[in-house]
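Only one structure is covered here, and it is reproduced in the block below.
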Amino acid sequence: MLSLGLEDKVIVVTGGNRGIGAAIVKLLQEMGAKVAFTDLATDGGNTEALGVVANVTDLESMTAAAAEITDKLGPVYGVVANAGITKDNFFPKLTPADWDAVLNVNLKGVAYSIKPFIEGMYERKAGSIVAISSISGERGNVGQTNYSATKAGVIGMMKSLAREGARYGVRANAVAPGFIDTEMTLAIREDIREKITKEIPFRRFGKPEEIAWAVAFLLSPVASSYVTGEVLRVNGAHHT
(Lines of atoms letter the chains of each structure in order from A and count residues from 1; the text may use other names and numbers.)
(Lines give C-alpha, C1' and ligand atoms only; values in the text may rest on other atoms or scores of the structure.)
Protein backbone atom coordinates (compact mmCIF):
# COMPACT_ATOMS: atom_id res chain seq x y z
CA MET A 1 0.00 0.00 0.00
CA LEU A 2 1.29 3.44 -0.90
CA SER A 3 2.17 5.75 1.98
CA LEU A 4 3.20 9.37 2.51
CA GLY A 5 6.10 8.08 4.61
CA LEU A 6 5.06 9.82 7.83
CA GLU A 7 4.94 6.68 9.96
CA ASP A 8 6.83 7.18 13.23
CA LYS A 9 7.89 10.69 12.21
CA VAL A 10 7.77 13.11 15.15
CA ILE A 11 5.74 16.14 14.11
CA VAL A 12 4.82 19.21 16.16
CA VAL A 13 1.70 21.25 15.43
CA THR A 14 1.25 24.64 17.09
CA GLY A 15 -2.28 25.80 17.82
CA GLY A 16 -3.32 22.15 17.65
CA ASN A 17 -6.09 22.17 20.23
CA ARG A 18 -8.97 22.98 17.88
CA GLY A 19 -9.95 24.07 14.38
CA ILE A 20 -7.50 23.52 11.54
CA GLY A 21 -4.76 22.57 13.98
CA ALA A 22 -6.84 19.79 15.53
CA ALA A 23 -7.68 18.44 12.07
CA ILE A 24 -3.98 18.37 11.19
CA VAL A 25 -3.14 16.54 14.42
CA LYS A 26 -5.87 13.94 13.81
CA LEU A 27 -4.87 13.21 10.22
CA LEU A 28 -1.17 12.91 11.03
CA GLN A 29 -1.98 10.48 13.83
CA GLU A 30 -4.04 8.40 11.40
CA MET A 31 -1.01 8.30 9.12
CA GLY A 32 1.11 6.82 11.90
CA ALA A 33 3.09 9.91 12.89
CA LYS A 34 4.07 10.61 16.48
CA VAL A 35 2.28 13.89 17.01
CA ALA A 36 2.69 16.57 19.63
CA PHE A 37 0.79 19.82 19.70
CA THR A 38 1.18 23.06 21.59
CA ASP A 39 -1.48 25.55 22.56
CA LEU A 40 -2.47 27.86 25.38
CA ALA A 41 -4.72 25.00 26.56
CA THR A 42 -4.67 21.31 25.64
CA ASP A 43 -8.19 20.27 26.64
CA GLY A 44 -9.68 20.09 23.15
CA GLY A 45 -10.47 16.41 23.36
CA ASN A 46 -7.51 14.73 21.59
CA THR A 47 -6.08 12.56 24.34
CA GLU A 48 -3.86 10.43 22.09
CA ALA A 49 -1.48 13.15 20.93
CA LEU A 50 1.02 14.71 23.31
CA GLY A 51 -0.36 18.11 24.30
CA VAL A 52 2.01 20.71 25.72
CA VAL A 53 0.89 24.07 27.05
CA ALA A 54 3.10 26.73 25.46
CA ASN A 55 2.90 30.27 24.10
CA VAL A 56 4.28 30.84 20.60
CA THR A 57 4.99 34.49 21.41
CA ASP A 58 7.49 33.45 24.09
CA LEU A 59 10.69 31.85 22.81
CA GLU A 60 11.57 30.46 26.25
CA SER A 61 8.15 28.81 26.44
CA MET A 62 8.58 27.20 23.02
CA THR A 63 12.13 26.11 23.82
CA ALA A 64 10.89 24.39 26.98
CA ALA A 65 8.08 22.74 24.99
CA ALA A 66 10.59 21.54 22.40
CA ALA A 67 12.72 19.95 25.12
CA GLU A 68 9.70 18.14 26.58
CA ILE A 69 8.53 16.90 23.19
CA THR A 70 11.98 15.68 22.18
CA ASP A 71 12.44 13.94 25.52
CA LYS A 72 9.11 12.10 25.25
CA LEU A 73 8.87 11.40 21.52
CA GLY A 74 12.37 11.74 20.08
CA PRO A 75 13.98 14.01 17.47
CA VAL A 76 11.49 16.17 15.61
CA TYR A 77 11.14 15.73 11.85
CA GLY A 78 8.35 18.19 11.11
CA VAL A 79 6.94 21.45 12.44
CA VAL A 80 3.55 22.83 11.46
CA ALA A 81 3.32 26.49 12.49
CA ASN A 82 -0.43 26.84 12.65
CA ALA A 83 -1.19 29.11 15.62
CA GLY A 84 -2.76 32.40 14.58
CA ILE A 85 -5.16 35.14 15.63
CA THR A 86 -7.08 38.05 14.16
CA LYS A 87 -7.69 41.57 15.44
CA ASP A 88 -9.73 42.94 12.57
CA ASN A 89 -10.68 46.54 11.92
CA PHE A 90 -10.39 49.17 9.23
CA PHE A 91 -6.86 50.52 9.00
CA PRO A 92 -7.51 53.93 10.63
CA LYS A 93 -9.07 52.18 13.62
CA LEU A 94 -6.33 49.61 14.23
CA THR A 95 -4.57 50.33 17.51
CA PRO A 96 -0.93 49.66 18.40
CA ALA A 97 -2.22 46.82 20.58
CA ASP A 98 -4.05 45.31 17.57
CA TRP A 99 -0.85 45.40 15.54
CA ASP A 100 1.35 44.03 18.30
CA ALA A 101 -0.96 41.13 19.15
CA VAL A 102 -1.25 39.93 15.55
CA LEU A 103 2.43 40.45 14.73
CA ASN A 104 3.51 38.63 17.88
CA VAL A 105 1.41 35.53 17.26
CA ASN A 106 1.23 35.31 13.48
CA LEU A 107 4.78 36.30 12.53
CA LYS A 108 7.14 36.17 15.50
CA GLY A 109 5.17 33.17 16.74
CA VAL A 110 5.97 31.27 13.56
CA ALA A 111 9.68 32.02 13.95
CA TYR A 112 9.63 31.03 17.63
CA SER A 113 7.81 27.79 16.78
CA ILE A 114 10.53 26.78 14.34
CA LYS A 115 13.69 28.06 16.01
CA PRO A 116 13.97 25.45 18.81
CA PHE A 117 13.84 22.59 16.29
CA ILE A 118 15.65 23.74 13.17
CA GLU A 119 19.27 23.21 14.21
CA GLY A 120 18.47 19.59 15.05
CA MET A 121 16.92 19.19 11.61
CA TYR A 122 20.06 20.63 10.03
CA GLU A 123 22.25 18.23 12.00
CA ARG A 124 20.16 15.23 10.94
CA LYS A 125 19.88 16.60 7.39
CA ALA A 126 16.16 15.92 7.31
CA GLY A 127 13.04 17.87 8.11
CA SER A 128 9.98 19.63 6.81
CA ILE A 129 8.47 22.91 7.98
CA VAL A 130 4.96 23.96 7.01
CA ALA A 131 3.54 27.33 8.00
CA ILE A 132 -0.11 28.24 7.69
CA SER A 133 -0.45 31.49 5.76
CA SER A 134 -3.75 32.72 4.26
CA ILE A 135 -5.45 33.88 1.11
CA SER A 136 -5.29 37.30 2.79
CA GLY A 137 -1.50 37.17 2.70
CA GLU A 138 -1.56 37.07 -1.11
CA ARG A 139 -4.54 39.19 -2.12
CA GLY A 140 -5.23 41.26 0.99
CA ASN A 141 -8.59 41.70 2.67
CA VAL A 142 -10.68 44.64 3.83
CA GLY A 143 -10.37 45.13 7.57
CA GLN A 144 -7.36 42.83 7.84
CA THR A 145 -4.36 45.02 7.12
CA ASN A 146 -2.45 43.71 10.12
CA TYR A 147 -3.45 40.08 9.58
CA SER A 148 -2.68 40.20 5.85
CA ALA A 149 0.73 41.73 6.50
CA THR A 150 1.67 38.91 8.87
CA LYS A 151 0.45 36.20 6.53
CA ALA A 152 2.43 37.73 3.65
CA GLY A 153 5.41 37.80 5.99
CA VAL A 154 4.99 34.09 6.69
CA ILE A 155 5.31 33.39 2.98
CA GLY A 156 8.51 35.42 2.79
CA MET A 157 9.84 33.62 5.85
CA MET A 158 9.22 30.18 4.31
CA LYS A 159 10.82 31.17 1.00
CA SER A 160 13.93 32.37 2.84
CA LEU A 161 14.06 29.30 5.09
CA ALA A 162 13.75 27.12 2.00
CA ARG A 163 16.92 28.67 0.58
CA GLU A 164 18.78 28.42 3.88
CA GLY A 165 17.67 24.87 4.61
CA ALA A 166 18.13 23.29 1.19
CA ARG A 167 21.82 22.46 1.73
CA TYR A 168 20.80 20.58 4.88
CA GLY A 169 17.92 18.67 3.30
CA VAL A 170 15.32 20.69 5.21
CA ARG A 171 12.28 21.96 3.32
CA ALA A 172 10.00 24.91 4.14
CA ASN A 173 6.63 25.62 2.55
CA ALA A 174 3.41 27.49 3.26
CA VAL A 175 -0.24 26.54 2.94
CA ALA A 176 -2.56 29.44 2.14
CA PRO A 177 -6.14 28.51 3.05
CA GLY A 178 -9.12 30.43 1.80
CA PHE A 179 -12.26 30.67 3.92
CA ILE A 180 -12.47 27.51 6.03
CA ASP A 181 -15.27 26.38 8.35
CA THR A 182 -13.81 27.02 11.80
CA GLU A 183 -14.93 28.81 14.95
CA MET A 184 -13.35 31.96 13.51
CA THR A 185 -15.35 31.95 10.26
CA LEU A 186 -18.56 30.69 11.85
CA ALA A 187 -18.61 34.01 13.71
CA ILE A 188 -18.97 35.87 10.38
CA ARG A 189 -22.37 37.51 10.00
CA GLU A 190 -24.70 35.35 7.89
CA ASP A 191 -25.28 37.91 5.12
CA ILE A 192 -21.53 38.47 4.75
CA ARG A 193 -20.93 34.72 4.78
CA GLU A 194 -23.44 34.30 1.93
CA LYS A 195 -21.73 37.06 -0.06
CA ILE A 196 -18.31 35.43 0.38
CA THR A 197 -19.70 32.02 -0.60
CA LYS A 198 -21.01 33.45 -3.88
CA GLU A 199 -17.50 34.75 -4.66
CA ILE A 200 -15.96 31.28 -4.27
CA PRO A 201 -16.21 29.20 -7.49
CA PHE A 202 -16.76 26.06 -5.37
CA ARG A 203 -19.70 27.85 -3.71
CA ARG A 204 -18.72 26.70 -0.24
CA PHE A 205 -16.18 27.24 2.50
CA GLY A 206 -13.40 24.71 2.83
CA LYS A 207 -13.12 22.09 5.55
CA PRO A 208 -10.31 21.86 8.12
CA GLU A 209 -9.58 18.34 6.86
CA GLU A 210 -8.84 19.71 3.39
CA ILE A 211 -6.12 21.90 4.86
CA ALA A 212 -4.80 18.95 6.85
CA TRP A 213 -4.30 16.91 3.68
CA ALA A 214 -2.37 19.77 2.07
CA VAL A 215 -0.13 19.96 5.13
CA ALA A 216 0.43 16.19 5.10
CA PHE A 217 1.50 16.37 1.45
CA LEU A 218 4.08 19.07 2.18
CA LEU A 219 5.39 17.22 5.23
CA SER A 220 5.82 14.01 3.27
CA PRO A 221 9.40 12.94 2.50
CA VAL A 222 7.93 10.87 -0.33
CA ALA A 223 5.28 12.98 -2.06
CA SER A 224 6.98 16.39 -1.81
CA SER A 225 10.68 15.59 -1.44
CA TYR A 226 11.66 18.18 -4.09
CA VAL A 227 9.07 20.80 -3.11
CA THR A 228 10.34 23.73 -1.06
CA GLY A 229 9.78 27.48 -0.93
CA GLU A 230 6.27 27.06 -2.32
CA VAL A 231 2.80 28.31 -1.39
CA LEU A 232 0.05 25.71 -1.69
CA ARG A 233 -3.27 27.51 -2.13
CA VAL A 234 -6.35 25.71 -0.82
CA ASN A 235 -9.21 28.09 -1.52
CA GLY A 236 -11.67 26.62 -4.03
CA ALA A 237 -10.32 28.93 -6.79
CA HIS A 238 -11.19 32.02 -4.74
CA HIS A 239 -7.67 33.26 -5.51
CA THR A 240 -5.50 31.67 -8.20
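Using N, Cα and C of the backbone, Cβ positions are placed for all residues, glycine too.
Source: prediction; values computed, not measured.
Annotated features, as they stand in Swiss-Prot:
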ACT_SITE  Y147  active site, proton acceptor
BINDING   R18, G19, I20, N82, A83, G84, I85, T86, P177, G178, F179, I180  NADP(+) binding site
BINDING   S134, N141, V142, G143, Q144, G178, F179  substrate binding site
DSSP three-state assignment (helix, strand or coil) for I20 (NADP(+) binding site):
helix
Where does V142 (substrate binding site) sit by DSSP, helix, strand or coil?
coil
What's the CA-CA gap between N141 (substrate binding site) and I20 (NADP(+) binding site) in angstrom, rounded?
20
Which whole-number value in Å describes the distance between the Cα atoms of P177 (NADP(+) binding site) and the residue listed as 'active site, proton acceptor'?
14
I20, Y147, F179 filtered to the recorded positions whose C-alpha is within 10 Å of S134 (substrate binding site):
Y147, F179
Would you give the longest CA-CA distance, in whole angstrom, between residues of R18, G19, I20, N82, A83, G84, I85, T86, P177, G178, F179, I180, the set recorded as binding NADP(+)?
18
Cα within 10 Å of the residue listed as 'active site, proton acceptor' is the criterion; apply it to the binding-site residues R18, I20, A83, I85, G178, F179 and give the hits in sequence order.
I85
